[in-house]
Amino acid sequence: MGIEEKLPSGFLLTTVEGLAGYVRKGSLWPASFGLACCAIEMMATAGGRFDIARFGMEAFRASPRQADLMIVAGRVSQKMAPVLRQIYDQMVEPKWVLAMGVCASSGGMFNNYAIVQGVDHIVPVDIYLPGCPPRPEMLLNAILTLHEKIQQMPLGVHREEVARAAEQAALAATPTIQMKGLLR
């Protein structure tokens with residue numbers, strides 16, 4: 001399409017990549033995927049006390065086609081996993097995923113066959129946010145960490161290779177239904 005795909009990443013485009021990273025990090029459009037108590041804390045982040053609008057994210061998108069950040073807040077059941085994957089596939093590129101809470105990150109205290117033991121078995125996760133549930137300040141810190149990561153992301157072909165590698169790692173992971181936990 002443009003010059004960023006014709007030249008290798010970082011060649012003659014460092015200032016353009018820096019500008020593009022600055023613009024991308026300031027215009028994230030989150031799609032909330034709230035499934036449990038973490039969703040309440042995520043909604044509190046949009047309130048006046050914590051004011052997520054400071055970072056350009058005042059409106060959570062209802063459609064995945066309008067979002068580039070998915071915040072998975074809470075536990076994901078095996079039946080919900082295909083829906084999560086479908087929503088991720090419908091999001092626009094470049095896209096990022098934030099696993100909010102210990103349930104989204106590792107299954108939490110639900111170590112059974114019905115709960116996915118980590119969202120990273122379904123979609124590639126960029127930021128893991130621990131806590132049960134994590135406080136709104138922690139979510140804001142995770143978003144700022146994601147901003148730093150976006151600022152450093154290269155443009156063009158190399159970015160697509162990194163995304164493909166993360167996707168393959170997520171697909172190659174052991175299915176959660178076959179995992180053996182502490183109680184099995």
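Glycine residues also receive a Cβ, built from the backbone N, Cα and C atoms like all the rest.
According to Swiss-Prot, the feature [4Fe-4S] cluster binding site maps to CYS37, CYS38, CYS103, CYS132, an assignment based on sequence analysis. There are 27 other Cβ atoms within 10 Å of the Cβ belonging to CYS103 ([4Fe-4S] cluster binding site).
Taking the Cβ of CYS38 ([4Fe-4S] cluster binding site) as reference, residues of its chain lying under 8 Å away and at least six apart in sequence are, in sequence order, ALA73, GLY74, MET100, GLY101, CYS103, ALA104, PRO133, PRO134.
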